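Going by TrEMBL, these are the annotated features:
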- 1-15: signal peptide (SIGNAL)
- 42-353: disulfide bond (DISULFID)
- 53, 168, 224, 269, 270: Ca(2+) 1 binding site (BINDING)
- 54, 117, 169: Ca(2+) 2 binding site (BINDING)
- 115: active site, proton acceptor (ACT_SITE)
- 253: N-linked glycosylation site (CARBOHYD)
- 270: N-linked glycosylation site (CARBOHYD)
- 324: N-linked glycosylation site (CARBOHYD)
């Protein structure tokens, strides 16, 4: 049955390829090269060598960083060891990280493979960290409670659901409530590859709560980063291979209504939102071909965009940082704190810059 479906998809793909809009190389932006844009004072973060795919900065300047992602078809510099969650204090001058210990008898550290992350702080100031995990190439969401004094994470729960088969990123709207992107429709690796190659745009966004799980947006060509506005009224979704960020209005029943989309000349990955200004900060891949087909002699570039006033008719998009891969390879996320910019990557290092 799987082969029959794949052959059907192949036939569809041959027809689609007659139109250049569906070209694989176009979707991967394969011909783009970046013109460097430097910031005045940048330093690589000590202790990050195998990725910093997603990050979240708390109001007090503590940053959680997911590291060591193993993702099919993507380079890994440490394929034989589990991933980890790192902690960085952005108030300190020494830009280094600490690996957070994980406690909880039911959590399997040996298969930990963290991807997107999100935090939620409750009315008692307890901080919960939700982590997309891919143990044995599956998808779960792990719920942790941050224990600041012990510098550790207490594992509370593993969340699985049939509508969460290929989770990429999440944004928490409660301790056990979140929106999540699924970057593929199919579970089978063979069908996944054809889905991506043919640009079927069948990936989707899910709302999850312990009492209700449902699809709230669909039709994406690789749904990727997701985040929410500071007032909680709007949800932002990055569509990686369509080079778009979509804006949705969030309703009281957690459904989403599409408002607008912005197009870019880059592959948009994770989205961070400045809690004070509402600006979006986006880690991007100028040339996706270099990410999915890694060559150390011609590494993937990095790019950071700032989007101001996204809800207006004329949002301001600024290319804040760009580099050809000699310093930072494959940027996936960028976030700001007190005039500093922290940039993460899918499998490489992390960079800390002054704006």
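Backbone N, Cα and C atoms are what each Cβ position is placed from, and that goes for glycine too.
No curator has checked TrEMBL annotations; they are predicted automatically.
Overlay of TrEMBL annotations on the structure.
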residue : record                       : CB count, 10 Å
42      : disulfide bond               : 16
53      : Ca(2+) 1 binding site        : 31
115     : active site, proton acceptor : 25
117     : Ca(2+) 2 binding site        : 27
168     : Ca(2+) 1 binding site        : 27
169     : Ca(2+) 2 binding site        : 30
224     : Ca(2+) 1 binding site        : 24
253     : N-linked glycosylation site  : 8
269     : Ca(2+) 1 binding site        : 29
324     : N-linked glycosylation site  : 19
Given the Ca(2+) 1 site residues 53, 168, 224, 269, 270, which other residues of that chain have a Cβ within 8 Å of the mean position of their Cβ atoms, reported in sequence order?
54, 115, 116, 169, 225, 238, 240, 283, 332, 333, 346
Let me check the 10 A CB neighbour count of residue 353 (disulfide bond). How many other CB atoms are there?
20
Whole-number answer please: how many Å between the C-alpha atoms of residue 253 (N-linked glycosylation site) and residue 169 (Ca(2+) 2 binding site)?
21
Nearest to residue 269 (Ca(2+) 1 binding site) by Cα distance: which of the recorded positions 42, 117, 353 is it?
117
Can you name every residue in this chain, apart from 54, 117, 169, with its Cβ inside 8 Å of the center of the Cβ atoms of the recorded Ca(2+) 2 site?
53, 55, 56, 66, 115, 116, 118, 131, 132, 170, 225, 270, 333
Does residue 270 (Ca(2+) 1 binding site) have same-chain partners at least 6 apart in sequence with Cβ under 8 Å from its own Cβ, and which are they?
53, 54, 116, 169, 224, 225, 238, 282, 283, 332, 333, 344
Going by C-alpha positions, which of the recorded positions (115, 117, 353) is nearest residue 168 (Ca(2+) 1 binding site)?
115
Residue 54 (Ca(2+) 2 binding site) has how many other Cβ neighbours within 10 Å of its own Cβ?
30
Give me the CA-CA distance between residue 324 (N-linked glycosylation site) and residue 353 (disulfide bond), in Å, as a whole number.
16
